[in-house]
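If you check TrEMBL, you get these features:
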- Glu279: active site, nucleophile (ACT_SITE)
- 43-342: domain 'GH10' (DOMAIN)
- 357-448: domain 'Fibronectin type-III' (DOMAIN)
- 458-549: domain 'Fibronectin type-III' (DOMAIN)
- 549-653: domain 'CBM2' (DOMAIN)
- 345-368: region 'Disordered' (REGION)
- 445-469: region 'Disordered' (REGION)
Amino acid sequence: MRTNALPSPGTRRSASGFRRIVAAGVLGLVGTIAPLALSVPADAAETTLGAAAAQSGRYFGTAINSGKLGDSAYTTIANREFNMVTAENEMKIDATEPQQGVFNFTNADRVYNWAVQNGKRVRGHTLAWHSQQPGWMQSLSGSALRQAMINHINGVMAHYKGQLYAWDVVNEAYADSGGGRRDSNLQRTGNDWIEVAFRTARAADPGVKLCYNDYNIDNWTWEKTQGVYNMVRDFKSRGVPIDCVGLQAHFNSGSPYNSNFRTTISSFAALGVDVQITELDIQGASATTYANVVNDCLAVARCNGITTWGVRDSDSWRSGDTPLLFDGNGNKKPAYTSVLNALNSVSPNPDTTPPSTPGTPAASNVTSSGATLTWSASTDTGGSGLAGYNVYREQGASDTLLGQSTTGSITLTGLTAGTQYQVYVQARDGAGNVSGNSQIVTFTTQTGGGTDTTPPSTPGTPAASNVTSSGATLTWSASTDTGGSGLAGYNVYREQGASDTLLGQSTTGSITLTGLTAATQYQVYVQARDGAGNVSASSQTATFTTQTGGGTGGSCTVAATTQTQWQNGYVIDPVRVTAGSSAISGWTVTFTLPAGHTVTGSWNAALTVSGQTVTAKNVGHNGNLGPGASTAFGFQVSRPNGNTSLPSGYTCA
């Protein structure tokens, strides 16, 4: 049968036998009040954000801080405008399990109870995260940490079982550059930790939506976005329970809004998951950008809600950027009007018409490990436009996604030799609707005397150019492949002796390396790989030395802002890097941590720590700055309880 198995730099304070510390009255309230469906009178439907969003079946929410629930101006706006609530910090790990096995829901319940008493639903945030872990969890590793994560998920979800709309199960697990996983204590428990978290969450509360949440996955061209996309696609193909992806959408000069944001939303939706914009704030609160973000969500049927990360600018973790819809006095800003107008402009009946069924695919160029498929195009009349095609192998109860294409053809690779494949195609539109299945094409891969074991030819010697303090461009002459599986790409290594370092991969004869160390000699070589996994001999080595300055052409300055702090930690954000009178193509910021302080998380920069000296380098998307232009990054630190010292000695080069 054809059944397809298809992160947060948020503000800080901001197993059997579990003990819970909960105020009795609050716990009783949680146990007796179910989430309420918001009912909005027709005559009020165009005057508030939540009611306007509800016209198309969506929500418009905000992050709530329990410490501000006594502020009547704050709660008046929140109650009037929003129909979904996320606890800003109160449901995070350190807040809910401050001691191992000892759960405290007092502040989390304050947010939850305020929300449901005012007719709002609640998103849970967050269950598994490398940051804002209590000290006892930071001290664990290996199987002990893995079990602690499982116990935490079970303990928190049991308390709110059946009460929440969605949970951010895993938060910010991908690195800022390169498209791979973030190195964290949770990642070091094993690469399956995210899957285990989702499977644990599904068993703990089968009725709640399970989301993966992250920042800087808004731009479709970025490697981080593609890394998360590939994870979700893999999870859906293997039946790992994931229901939604949260795009945090913290837009600023270092991570600006891009017009391909709609492509990102529709591409995730086409995998069979909901998409939610979970922590929206925009530096300067451009009315145009806010409207663009909302319209991008409204264009995709499976984008079912938007949350702004705070109510007023004064409540924001980025208050200096004035990024929200209400100013510090609670006045509506121009961005508020643009958002409300966008929400009110959508039809109550969004595109729910799927594309027509694609033609029967035809197979050609069949090898031992690949094939080319072509089919006649689908059409889309629902208004959102044809977005592309999904290609599946029929395998019974759970069919496998082999690939996706935006045209009427695809070249499949990585197939198994001497194997029969039954393949069909589905079309998808910009709203996430999926067509019926095409007729099946059947083909058998060649045996070729066995799997392709012939490696590609050796690539040419790489040539280095555009060398900066943190990057370089390499080019080389292409390899050829005669084994039948086809040339798949190249691996670029730094030669370091017994264990060489993979610097990057490319599908063409060039690559732009980022995140290199200033004033350092690199010896690099290239290997080609084919579709069967064979690897060529290594090319000759190219040697180059990165520059000592902040990149080519100029200097830079740095200014750091303490966003928030508490007894045993703080967040520094933004750390603003500004180019001088000349453009720069990379930057390096150094600063000193006080004794006993430890970096627990960072965003929009690659950090290395030596003793108490921290070095922060640009990541792939924010190194090139024009004269006077700026970008920003941030980081979080844990410190001894009561120690109020902060980092010092910031320099930029």
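These residue numbers are counts, starting from 1, taken along the chain as shown.
Glycine residues also receive a Cβ, built from the backbone N, Cα and C atoms like all the rest.
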If you draw a 10 Å sphere on the Cβ of Glu279 (active site, nucleophile), how many other Cβ atoms land inside? 28
Mind checking which residues of the chain, 6+ beyond the ends of the region 'Disordered' (445-469), have their Cβ under 8 Å from one of its Cβ atoms? 366-371, 415-419, 421, 475-485, 487, 490, 492, 509, 512, 516, 518-519, 524-532, 534-542, 544-552, 585-588, 623, 653
Quick test of the contact rule: Cβ under 8 Å, at least six residues beyond the ends. What residues does that give for the region 'Disordered' (345-368)? 55-57, 298, 301, 374-384, 386, 389, 391, 408, 411, 415, 417-418, 423-431, 433-441, 443-448, 450-452, 484-486, 532
Which numbers of helix, strand and coil residues does DSSP report for the domain 'CBM2' (549-653)? 0 helix, 59 strand, 46 coil
I'd like the per-state residue tally for the region 'Disordered' (345-368) from DSSP, helix first, then strand, then coil. 1 helix, 3 strand, 20 coil
Quick check on the region 'Disordered' (445-469): DSSP residue counts for helix, strand, coil, in that order please. 0 helix, 3 strand, 22 coil
Which whole number is the mean pLDDT over the domain 'CBM2' (549-653)? 83
